[in-house]
Amino acid sequence: MLGVLKKVFDPNKRQLARLEKIADQVDALGPEMARLSDEQLRQKTEEFKARYQQGESLDDLLVEAFAVVREGAKRVLGLYPYKVQIMGGVVLHEGDIAEMKTGEGKTLTATMPVYLNALTGRGVHVVTVNEYLASRDAKEMGQLYEFLGLTVGLNLSGMSREEKQAAYNADITYGTNNEFGFDYLRDNMVLYKEHIVQRPLYFAVVDEVDSILIDEARTPLIISGTAQKSTKLYVQANAFVRTLRKDVDYTYDEKSKSVQLTEEGMNKAERAFGIDNLFDLKHVTLNHHIQLALRAHVTMQRDVDYVVQDGKVIIVDPFTGRLMHGRRYSDGLHQAIEAKEGLEIQNESMTLATITFQNYFRMYEKLAGMTGTAKTEEEEFRNIYNMRVVVIPTNRPVIREDRPDLIYRTMEGKFRAVVEDIAQRHAKGQPVLVGTVAIETSELLSEMLKKRGIPHNVLNAKNHAKEAEIIAQAGQKGAVTIATNMAGRGTDIKLGEGVKELGGLAVIGTERHESRRIDNQLRGRSGRQGDPGVSQFYLSLEDELMRRFGSESLMAMMDRLGMDDSQPIQSKMVTRAVESAQKRVEGNNFDARKQLLQYDDVLREQREVIYRQRFEVLDADNLRGIIEKMIRSVIERVVNTYTPKEDLPEEWNLKGVVDYLNAYLLPEGDVTEGDLRGKEPEEMIELIWAKVKARYDEKETQIPPEQMREFERVVVLRAVDMKWMNHIDAMEQLRQGIHLRAYGQVDPLREYQMEGYAMFENMIAAIEEEVATYIMKAEIHHNLERQEVAKGEAVHPKEDGEEPKKKPIRKAVRVGRNDPCPCGSGKKYKHCCGRAV
């Protein structure tokens, strides 16, 4: 009964029926296209572009456009896409995932939707897992696109800005996921609009989509740099601040915890550091450090705001009095306190920009992908990326024989059996591909084969181009190839002469991977395009996956039956148990990625706000309007801080307002306490605003307008970049430490969202204050230059080497007792924060 229902309601079947109709329409245009000359075929591209501009949608053009590409492929590449490839192409155009088995021509399938979407002129990105594949596909498929009158770009790491701009301005751009992501981050750090390389993200087709959007989803791309500030400045500023006297050199308001240098204090600083104006732009960093040291000494009290434990400064939660492990004050205040207490100052390696692949690819207007194995992760694709998985049938039926697993007691017994199997197949000339999970396993097998005198190749995903050659030869008579999971992906194994008669390519798996998908990828290397083949997995009860999910009972059973190491069990029950173990691991991994995404979303929203505002700054001709808003909100904040609604007007601290204005916004005497007395806060704000505006106008008259505009831009960019960089760092520290708060029914994610939001608000306020101060107080020089706040390096996650055991970026979920403590002390967890657990 269930089978009948499935037939009627199987959504994949319904999809395929619809796709087949479209493929038939494309197919029907075949003869008509074949009659066109090369020139007429090329003209079609211009005709489509014109029709699109006149309001026809891409869906209206789809059938004809696909037929044109199909004919073009026949003429240029000598390949004519099958009907199933047309169906796959439609799935990609609709922003979904086409699951197509190995050897079914995914690369050719992608040409149709890529061509169609490139007609918009908005740029299509074709994303692959490594640069070798990107270069190969750009070269081979590029011939087809260029024949049809479109331009093709290749985006590789190490290219100059001009080369990258040219690559991105092409209709179609090939590149790796890492490079597209890094370019996005670098574009949001540029100082001039002309230096941006990417256009707005429109449509991406991701090859090996499961590898990039699921296996790599937890790997963040990071551009890091050491901020150009040394710990020396903290020490110097600390020594200077120790010499200052309250109410002479600085003023302190207990209630709002704000502290400011007086005119006398500023003069003292200028004398101490041998400079002429503390508010000169070139002394931004020094000024910042003095302010930090002042706050550390005056507003932060040991054993009230923080404690010192094991040579570390640990923050005390002001509401609960609990220690907030893993949390650091942002913006350098933590380092200033370390200097005050004479502790070792933690050097700041700064994360200048970071994004995960999940969030980068979700920014495309339309995203599509193709792979041989995606159905097992369908739920994740749907929930996170809103993409359906459509399984496209093979052009010819698969006749590969997938044998049930053989399970041995020990690893030693298993490997002996594997080598024996290889030797037998090699003796009759059948090619063998052996898949391993780790590099060590490959090397162990290689040693065993050497002893037996069997010639073989070992691939460890180090050199992509060389590997592609070896993999291409793996189907020749007598070839033996050992490969870690990911090695040579994207390259077909074609069978040599006489191999079909020997049973095709034999694939041997030496261990089940924790993901069924990766096992299926290995199997799928054999039996392509209706070729014969066989796949066999060898397992042992000592394998990691088996150990994780209770192999003890099986071990006991084998002992009872008196089975030795050379006898395997081959049972459906065990194979099912292995599959259910894999399902559990996949479920756990999905949950971990989902949780990571929830944490990451907090930073994503903040990143989008900052990057959008930063672009407005680069793009605007005149920033005065934006800056006036910033100064105004600073004035409102200051007045509201010192004139709280709950206090009587005579209790208001008007001196605090005047001290702040003198220190940061206006020359001394512009606004006095007498001017403010007897006024409502709103009136005070208007009065101060009028004075500030007048001073701003005065500045405008002192230097040429274009220089003033550049000065404004320099100040704003510098403030935004510096504060954002510190903020990313603080958010990372918060995330590392947040799990330690999972006591007393507190939801760590909710805490992270709330604190992250509060920290973001504080950062925006800090940006506004810095901009206001430098616009109003700094002297403007003639040779202004925009400066990077730090030099950035792209930190590459491993290119798809052996499936690296994923290191989740959150070291916070589960800490083993012997692992290094997440608080960063360098001690083992059990000797540090884990003592109490």
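Any Cβ shown, glycine's included, is placed from N, Cα and C.
For the ATP site, Swiss-Prot lists Gln85, Gly103, Glu104, Gly105, Lys106, Thr107; matching the candidates Asp492, Asp519, Asp543 against that entry yields Asp492. Checking the ranges 247-273, 787-813 against Swiss-Prot, the region 'Disordered' annotation falls on 787-813. Those residues of the chain, other than Gln85, Gly103, Glu104, Gly105, Lys106, Thr107, Asp492, with a C-beta within 8 angstroms of the mean position of the ATP site C-beta atoms are Met100, Thr102, Leu108, Thr109. Using a 10 Å radius centred on the Cβ of Lys106 (ATP binding site) and all shown protein chains, the other Cβ atoms total 24. For Gly103 (ATP binding site), the Cβ neighbour count at a 10 Å cut-off comes to 22, with all displayed protein chains included.
The binding-site residues examined here are Gln85, Thr107; by Cβ neighbour count within 10 Å, the least packed of them is Thr107. For Glu104 (ATP binding site), the Cβ neighbour count at a 10 Å cut-off comes to 24, with all displayed protein chains included. Same-chain residues at least 6 positions away in sequence with a Cβ under 8 Å from that of Gly105 (ATP binding site) are, in sequence order, Leu79, Pro81, Tyr82, Gln85. Within 10 Å of the Cβ of Asp492 (ATP binding site) there are 17 other Cβ atoms, across all protein chains.
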